[in-house]
């Protein structure tokens, strides 16, 4: 193997593919990146078996070949090299030689034969979506996935394509996040993508361009052109989320998102210390009162609202409200309530592309 | 106690005084900030006994008084309040009331009587120095203090004022850092300031203005006007550092700081994994070769230099070289050597305001 490539391109390729290398694997080969030089390109691949990322960059290939090198060390070395051409070649003693200007590294490599083979996916049925839109949808839902492994399916995000729409749904038993957008496709799909995969995908997606997505029964392929992301899907049936979202309400308020977020964040400073992080809403005619207390003190916040319906007292875990209010993007939002023991539904005032739901905390005097 | 003040000023005062609150103390009162309202000002004080910081801000004092509140919680609350006037007053039940626009907090307080009394220091003999210059001198030496507590005196920085100069010196047995500047004073002092104190002082010093310093036999008072920093001094005799710095050399090289720093940083990537972090210099006529190796591979760097004297081979712990090369500010530097077992002295080419010294690592074949 021998090739010459530009430092910047190589550094970027390493940075993208490293995202699939967890560094926690017991298998040393999975701490590595596969470098494959052939056909005028080098292909760099990182994998933890569940998630694999490969990316191609142009290079002057002098001799085909492939090796596996330690991802972190190789990445650190390339990042520190001068901004110039880099020549990489196999040396005799299980090492590669990296030459850049007056710097020469010899780096032990592992055998490319031991590197996991990526599943081959036939890109027949492709869904196309704007990278920016997909990134936005993932960010708008992923915070609501379950952190515990007790119900593995809930550690992923449901992707549902049907009737010309794409829906992303995450829920953890206490709250639900749904983002929905039109998609130019008459296909239909239902798959659950691991949260870990989507966390990395969000970092790779850019603000421009389109991404092509292919599903198989076990895998998703996200194709960005030079970069391909392949992840296994989570097995099992996702919860029928539509039945959870209430269609009616007895109270609807309009409120400025930033103002209620500030109120809840402040109130939770006192509540956090009591470990309940409980915040109470007392919703009245023209304003709502938010209160919270712990052994350290108490707080009372007053907020102007527009109210339609009956006054209500209800309590929430402040964290769940803060999470969704932070991620929403419109300045004015609706909050819909049915009773003090029914979920609260939060929506944008204008765009109906998202629905958030939070279960209340039942108080002793309810 | 009752006063009204501006949120921004209060937030800044909390941020400065919090730096003395370690949060690790077993005494709950030391987790607090003392708020003292009197004479048209409020004085906020944080202390961990060794280090105390007090700062005064203007306020509309309606009733004198003082309380101690939890530093972190009080700081978080004030930071989250709207940018407006804040009214703070004692309530009946061992709590203070914080009112800002439509927000009202009640916060449990502790008794001001339990708060440590700051040593009273008579500001008779004052040394004045530019804040920026002092910050620069601290940054240029503090990295070389000892991290281990086995010789407590070396966990501090020696401040020496004599003959119209101020010297700051830190050393840890492997390296030494000395910064020296002219000072407009005919006084004389020798004191060792704890590294922890200087770490906080560096964050508080600004790029403009002068600071007044007073020493007593046990304390230093750093007076920035509205803010005063009082720290105990370390007890004991500092090492006679002048006898450590060689006055002669058999080899002197001139090298670009940034280039040798990059070479050493790259080389240390391979060396770090071997835990020795050892880097070898082979200094020859017109260039030097830097090499390093471990079980992961090896590296060779070549660097142009200007050489005066005899060629030499010598080895160092890369970290010590990196630390000092990062902190120096001139682009061209001198490195002076006597033998492969004698310390290397590093200086700026132009300004002689700093002297760095690193002990070499003795190699088996020396």
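From the backbone N, Cα and C atoms, a Cβ is placed for every residue, glycine too.
What TrEMBL records for A:1-119 is domain 'DNA polymerase III beta sliding clamp N-terminal'. Marked as domain 'DNA polymerase III beta sliding clamp central' by TrEMBL: A:129-238. For A:243-362, the entry in TrEMBL reads domain 'DNA polymerase III beta sliding clamp C-terminal'.
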(request) Over the span of the domain 'DNA polymerase III beta sliding clamp N-terminal' (A:1-119), count residues by DSSP class, listing helix, strand and coil in order. (result) 31 helix, 56 strand, 32 coil
(request) Summarise the model's confidence over the domain 'DNA polymerase III beta sliding clamp C-terminal' (A:243-362) as a mean pLDDT value. (result) 94
(request) Mind tallying the domain 'DNA polymerase III beta sliding clamp C-terminal' (A:243-362) by DSSP state, helix then strand then coil? (result) 28 helix, 54 strand, 38 coil
(message) Please list the DSSP helix, strand and coil residue counts for the domain 'DNA polymerase III beta sliding clamp central' (A:129-238).
(response) 26 helix, 47 strand, 37 coil
